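As recorded in TrEMBL, the features of this protein are as follows:
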type	residues	note
TRANSMEM	C:32-53	transmembrane segment
TRANSMEM	C:73-92	transmembrane segment
DOMAIN	C:122-341	domain 'NADH:quinone oxidoreductase/Mrp antiporter transmembrane'
TRANSMEM	C:157-176	transmembrane segment
TRANSMEM	C:196-218	transmembrane segment
TRANSMEM	C:230-253	transmembrane segment
TRANSMEM	C:259-279	transmembrane segment
TRANSMEM	C:286-309	transmembrane segment
TRANSMEM	C:315-339	transmembrane segment
TRANSMEM	C:351-370	transmembrane segment
TRANSMEM	C:390-417	transmembrane segment
TRANSMEM	C:429-450	transmembrane segment
TRANSMEM	C:470-497	transmembrane segment
């Protein structure tokens with residue numbers, strides 16, 4: 001049994017490596033993205049084997065799902081701008097770099113290989129499964145307010161990290177808006193009637209699933225990020241199926257949604273400190289509701305942010321040169 | 001939270017964050033919010049420094065858990081000094097930015113857009129920087145430098161020009177890679193120790209995993225701080241950003257990664273002698289190559305950007321000056337140089353931006369053709385250059401003094417020679433600019449009344465001038481600064 | 001046998017002079033010219049005489065009874081005179097090879113030779129006087145030979161002085177002989193002599209010696225005479241004056257303090273005044289003439305000292321003899337050298353000969369260990385026996401004379417280049433070089449030869465200090481300074497400064513040029529190298545590549561440190 | 001031989017592949033993908049490190065860290081993709097916006 | 001942190017600040033506000049003079065002024081007003097006032113006056129700082145400040161030539177500064193402090209490791225030799241002649257070259273100590289370097305046709321008298337050296353101002369154009385003549401006094417060659433100065449009648465602000481020589497200083 005599973009592990013590992021290589025080597029960029037998504041799913045599978053269902057869920061939803069969608073959208077955009085949509089293969093764009101000599105590439109390859117060997121040596125010599133936070137987490141679980149250790153870590157023990165993670169998302173969306181500003185309106189990939197109908201059908205269910213995943217995070221694998229990703233998928237569908245068209249008037253609301261999670265998280269963190277506690281130190285009885293509040297708000301923010309990252313442009317801003325009255329919004 | 005020290009720490013962390021939220025949600029009031037927050041952060045930094053000076057180090061256990069399970073914020077002399085430098089430079093840059101990105105009515109679409117994104121990005125950047133200086137957990141530091149990286153890339157591409165976007169993408173790639181190397185390093189640290197706080201690192205015995213972690217983290221951070229030969233992304237990024245953004249990037253952003261390196265050297269098992277020498281060699285390469293490129297640079301901001309490369313190199317030479325054994329003291333020289341460079345480079349980029357704005361271009365070759373000479377901006381530039389060259393009594397001079405002193409004491413003559421070479425080089429490339437300021441026989445314009453030195457004298461010039469003058473004058477109070485830096489680790493490493 | 005030898009010594013030249021009048025024999029006589037003085041030389045070298053055992057031949061028949069002989073002093077003087085005449089004869093043969101007035105010169109030359117050699121052998125007053133006169137008057141022909149305006153003038157001056165000198169000499173000899181009641185010089189010398197006689201003798205011989213203020217004839221004559229004649233005039237004939245004093249005056253016997261004072265004063269004056277005058281001359285041979293005057297001043301100092309303190313004579317005598325020999329050789333060499341130099345057709349030979357000329361010049365100037373220096377040092381020692389009052393002055397003068405002589409020699413060498421003596425058409429070069437070089441060698445080697453030749457008198461010279469170098473150096477320095485000054489005056493101060501700085505300026509320009517080129521190349525390099533490096537770095541993505549390399553490097557370094 | 005070891009090594013190899021891609025690949029999109037591979041590699045190491053002998057009792061902290069890392073990486077990827085899109089647009093129509101826009 | 005100085009300790013600070021604080025104000029003044037600028041300039045200069053007078057009175061009464069604070073652990077910023085400092089401060093205060101008057105006249109309508117006077121004040125502040133620096137570290141700070149403040153003055157004209165000169169100047173002086181930094185560091189490492197103290201502070205080091213001490217000495221002298229224009233480090237000085245006349249005057253008389261010479265003094269007297277310098281065998285090479293410089297400068301001066309270049313090479317030569325006097329182990333020579341510090345300043349500033357006047361009034365810039373200028377500008381040329389004769393060393397002018405003491409000192413130290421050197425140098429001085437006087441006074445002007453600058457018929461008109469200063473300094477040249485023994489004369493003060501330095 002164990003040996004069989006180990007064999008499976010080995011094969012999966014090789015498959016993952018093969019997919020990674022293939023994703024870098026394959027000529028067609030579309031195929032590359034497909035390889036990458038497959039790679040992500042295999043990774044998630046591997047993590048399930050490593051007893052990390054939360055991570056696997058996050059990887060499948062965000063690392064693979066959202067990233068894949070973003071890559072595909074970008075690929076579509078690039079091909080549309082280049083006028084190569086009609087071609088059967090999506091080939092690499094050629095940046096105006098000069099050719100790097102093969103010798104240099106080979107040298108880099110050799111050095112990367114040696115680095116891998118070195119790191120592997122270090123990994124093998126490390127005390128695998130050695131010291132960790134297990135005991136500390138187990139001790140602190142009763143006071144955490146939640147039952148699922150990963151959620152406890154995310155929203156209580158290391159809530160500061162999580163806050164900053166949401167801040168990263170906020171920074172990303174600001175940066176994306178900044179970069180994409182005054183870019184001509186690009187239609188999202190045309191999905192057609194089927195998608196639209198599919199979207200209308202699936203949406204309510206997906207919302208329910210998302211909220212459940214969020215809720216379940218308190219006791220079982222799942223949580224804000226995964227839930228947010230599911231909800232974001234809803235947003236993606238909405239956007240792609242033109243059920244929802246971002247309008248200029250929604251900008252303020254969008255901004256509000258983006259910062260909602262951060263604001264609530266920050267507010268709670270600081271407010272609990274009012275009573276002489278440390279920042280993020282939830283009062284004993286209020287831990288669960290506060291965490292749930294934060295999780296909920298963060299989920300909404302994440303969903304909105306991920307959708308916005310996918311959509312790219314700030315809603316409603318007209319492409320240049322019509323855009324002259326920003327100050328009067 | 002009852003202690004004022006801890007209050008200031010938390011304030012430094014959350015004030016810019018709240019400011020960023022506000023600036024993002026209320027784009028029209030962003031300049032006021034930004035300026036207010038910048039000043040507030042400065043006040044908080046002053047309060048913090050005051051507290052540190054009077055009570056010493058401080059710790060906040062976030063969530064009440066405490067390391068290693070939770071995350072601690074910690075402040076000592078070095079962090080406080082970094083926070084103060086960041087806040088001060090940030091405030092001055094904000095003043096400069098109010099001019100560039102301020103005002104209620106945008107002058108054109110091209111300035112309107114950057115205006116509403118600059119402030120939230122900058123405040124997020126400030127959040128990240130403060131978080132780095134307060135942080136004690138290496139994974140948290142990873143998240144923080146990601147915050148910094150995304151905000152910094154945003155600032156880089158603020159102008160939206162093709163060059164800026166290209167530079168920004170290169171910067172982005174370098175940033176991501178650097179951060180991922182750090183993350184990998186974090187993984188190895190966890191493998192070995194099972195904990196991620198500095199306290200855990202400090203007591204660790206050397207091992208293979210920690211070696212791997214050190215290698216990965218050092219290279220990743222060197223990439224982020226643009227240490228030669230990993231500097232390839234920096235000049236274009238810093239030269240093509242708008243002036244306030246360049247000032248922030250050059251004066252503050254690269255310092256975060258540098259600070260983490262200093263902290264890692266402090267807390268991790270002592271590195272080998274060879275690694276320290278390698279750091280010195282890389283610094284030497286930076287000094288030489290950066291100087292040569294600065295001599296060749298055709299644009300003012302590019303020159304200033306290359307000067308950043310050389311200064312980073314100098315800071316690494318400062319770290320390496322006395323070998324492993326000397327690290328316990330040489331970090332002070334590096335810290336002084338970091339502070340000096342932050343102050344001077346911020347002023348210099350702002351001044352360069354002002355010169356460009358007044359003259360209409362920043363081609364060094366043609367600076368002397370312009371009939372317009374923004375005298376105060378030029379003076380600010382010159383003051384900043386004095387500090388960067390390391391002429392007395394500037395803080396840069398004190399830094400170089402300490403480098404050379406330490407190197408001499410350790411018998412490392414070569415670092416003295418390198419430092420002096422770098423000084424001569426910096427003199428050479430800055431004097432190119434001075435010649436452009438002071439030469440008058442090439443002016444090609446029939447301006448009534450001849451050369452206009454007074455034109456381009458604007459109130460906002462006083463901000464960089466004051467900052468640059470501060471950089472020069474701080475050298476005179478180096479002793480208190482050094483004493484302050486040593487708070488928390490009197491006599492070297494803890 | 002002895003008679004024959006003694007007579008041959010001056011008879012052969014007489015005979016040849018007579019033969020020269022015959023047209024048919026002229027060729028042979030000229031060819032034999034170098035050998036005319038050979039009998040005398042042979043006599044001097046081979047005669048079995050010691051200093052104490054003179055050879056004498058009495059010819060009572062001749063005039064009032066002539067006596068010839070050879071004693072110690074005479075032998076030395078005969079030797080040096082004969083050497084010079086041999087050399088000069090050899091030189092004359094070639095110098096005057098095609099000279100239309102060669103015959104006349106030859107006759108005068110041989111007559112003067114005969115007189116000169118004969119007077120040394122003469123031991124009685126009359127023959128001495130006669131031969132002395134023969135020499136003096138025959139020399140007129142030598143001086144006047146070229147018939148140039150200068151030569152004629154010099155000859156006129158010469159003859160006036162000769163006449164005056166002869167007059168004084170005659171009177172002196174006469175008085176002395178009268179008082180001593182003998183014509184034999186050896187007896188005449190030891191008899192008490194009146195002041196007047198001594199004074200007249202001194203005047204007479206001093207004229208020949210060229211002692212100031214009786215020197216006026218000498219430099220022009222030396223300058224005007226053809227080279228071989230100058231050589232003997234300066235080298236041999238003026239030594240006759242010295243010899244005359246030695247054999248006539250009661251030196252070592254009787255003190256003449258007043259005379260001595262005058263002589264020494266004149267010597268001192270000669271020593272320096274001649275030098276000062278000499279350095280203003282432009283004819284190199286005239287310069288040499290003044291140098292002779294100056295050198296005779298040295299000899300006069302010795303004579304004066306001995307006249308003042310007779311006891312010092314035995315010490316002074318050998319030194320004076322040495323000094324005379326030294327001067328004869330050096331000065332003869334210098335004159336011949338001037339001729340040889342002038343006759344050189346190409347500059348290469350001239351440069352070589354300049355080098356050779358410098359040997360006697362430096363010897364004369366008193367280069368340490370040379371005969372000049374030894375002579376002076378020996379004289380200093382010897383003078384210590386003399387008057388203590390004068391001693392410091394004399395010593396100082398002797399020391400300083402080195403500077404004066406160096407200056408003169410420098411002047412000579414310089415003007416040898418600038419206005420060399422005229423060379424008669426047809427003069428043959430090689431004939432001059434050989435005698436010149438022989439004299440150079442003799443002059444240079446004199447300190448070594450001297451003990452062998454004159455063992456009895458070599459003591460003071462052998463024992464003398466080597467001499468000091470600084471007077472020569474000082475003289476050279478002064479000469480250089482003077483030349484610089486003269487040059488400056490000639491071209492103007494500004495031009496001179498330009499000339500002085502020109503080499504440096506040129507050098508600096510060269511250096512600057514090299515520097516400029518190097519700088520240009522460097523600049524080129526500085527322009528291209530970083531650009532190339534940068535292009536490579538970006539093109540090959542070396543910065544990115546460095547990431548993996550650095551991780552690896554740090555891994556390895558740290559793993560090693562582990 | 002445990003799954004942790006296998007997947008840890010797998011992660012390191014993936015990291016190396018990603019590193020090589022990040023250094024040498026010229027296509028921007030692909031390079032970004034390589035960077036994502038790097039991130040995955042790092043996550044593998046952390047997750048492998050969290051594995052404990054009695055399965056199902058893994059250390060939750062690295063899991064949380066990896067989740068955070070994934071989100072951060074997605075954010076960065078999104079920004080980089082936006083840059084790529086914008087650059088591509090500008091480079092395809094260079095005359096639209098001058099290269100060196102005055103500030 | 002900053003220890004409160006004794007009640008009088010602020011006096012040196014006040015003297016420093018009179019020029020340091022006025023500088024930013026001058027920068028900030030609008031270009032056209034000439035009247036206020038002049039008033040400020042003259043006011044500050046006069047105030048400083050008064051303060052210096054008071055200071056010297058107090059110091060002569062034995063008062064000790066000392067003010068400072070810690071910059072780095074063990075490393076202090078320290079100002080002290082010892083007699084040696086007062087000597088130099090006095091010189092700069094007097095000459096600042098005079099030069100300010102002259103500059104105001106010189107730049108009457110020129111461009112960038114705000115900048116000029118701002119840096120001018122800064123330059124004087126740096127000089128005062130150098131003078132009163134209580135340790136080598138402080139000295140270094142002001143030494144570099146001086147470089148930075150003079151650079152804009154040197155390139156004031158803003159031409160390509162001026163910029164080239166400025167670049168060369170910067171390269172030389174800042175390289176020197178870097179060396180000085182190294183030297184200061186070395187000193188600190190070796191001796192543990194950098195204070196100036198009569199008799200030196202390096203005794204222990206010298207006893208321990210004489211080699212290191214020697215190396216340190218060489219580094220320090222090379223660093224200071226750049227500004228003191230010791231051959232072969234002098235090349236910047238003649239090139240820097242493109243600066244405006246008042247700048248040249250200040251550069252040569254007070255600020256830059258004197259800073260170098262003064263530094264050499266401090267190093268020899270107060271860091272190493274004279275006995276130690278001799279014991280280490282360092283004095284002779286220094287004296288030799290000075291001698292070479294003296295001769296070389298004079299020789300080069302001979303062939304210069306440009307008046308200012310000739311004067312510049314003369315400076316090269318003359319400043320090394322100071323070094324020479326320092327290097328000779330004799331209090332008498334030291335007296336001469338110190339006196340020459342003052343005397344050369346007075347004489348050279350006169351000559352440069354006259355050169356400026358000639359250029360301004362007559363357009364005469366070359367020696368070969370000087371024919372007959374004596375008749376055109378008699379008072380100016382009289383001043384020049386006095387200064388030149390003083391340089392040659394004729395009694396009773398100032399130059400004679402210093403040369404006399406130097407010669408006596410040479411004898412006293414048993415270095416008789418000094419006399420020959422001084423004679424030779426005086427001869428050379430005469431050779432290059434007398435022709436100028438000859439031309440000026442005895443030759444007819446060979447310029448055509450129409451050549452004077454337009455608008456100045458007949459005699460050239462230069463303002464009193466240009467004419468008076470050289471006359472004033474020439475008068476000082478006479479007084480400093482003629483009344484050398486009077487109390488508070490430069491010589492008298494010099495003796496006072498030497499008595500301290502030689503600890504007699």
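Cβ from N, Cα, C; glycine included.
Long-range Cβ contacts of the transmembrane segment (C:286-309) within its own chain (Cβ-Cβ under 8 Å, at least 6 residues beyond either end) map to 206, 209-212, 215, 218-223, 230, 234, 238, 241-242, 245, 249, 251-252, 255-257, 259-264, 266-272, 274-275, 277-279, 316-317, 319-320, 323-324, 327, 331, 334-335, 338, 364, 375-376, 379, 382-383, 385-387, 390, 394, 397-398, 401, 404-405, 408-409, 411-412, 415. The transmembrane segment (C:470-497) and the transmembrane segment (C:390-417) are in contact, since at least 3 Cβ pairs between them lie under 8 Å (pairs 6 or more apart in sequence). Contacts between the transmembrane segment (C:73-92) and the transmembrane segment (C:196-218): absent, as fewer than 3 C-beta pairs lie under 8 angstroms at sequence separation of six or more.
Beyond the ends of the transmembrane segment (C:390-417), by six or more residues, the same chain brings 264, 268, 271-272, 275-276, 278-279, 281-284, 287-288, 290-291, 294-295, 297-298, 301, 304-305, 308, 334, 338, 341-342, 350, 354, 357-358, 361-362, 364-366, 372-373, 376, 379-380, 383-384, 467-468, 471-472, 474-476, 478-479, 482-483 to within a C-beta distance below 8 angstroms of the stretch.
In this chain, the transmembrane segment (C:315-339) lies close to the transmembrane segment (C:429-450): three or more C-beta pairs between them fall below 8 angstroms, excluding pairs fewer than 6 positions apart. Remote same-chain residues near the transmembrane segment (C:429-450) are listed as 34, 83-84, 86-88, 90-91, 93-95, 97, 227, 322, 325-326, 329-330, 332-333, 336-337, 339-340, 343-345, 349, 353, 356, 359-360, 363, 369-371, 374, 458, 461-462 (criterion: CB distance under 8 Å, separation of at least six residues from the stretch ends). Long-range contacts of the transmembrane segment (C:196-218) within the same chain, counting only residues at least 6 positions beyond its ends with a Cβ under 8 Å from a Cβ of the stretch, are 136, 154, 157-158, 160-162, 164-173, 175-176, 179, 237-238, 240-242, 244-245, 248-250, 256, 259, 263, 266-267, 269-270, 273-274, 289, 292-293, 296-297, 299-300.
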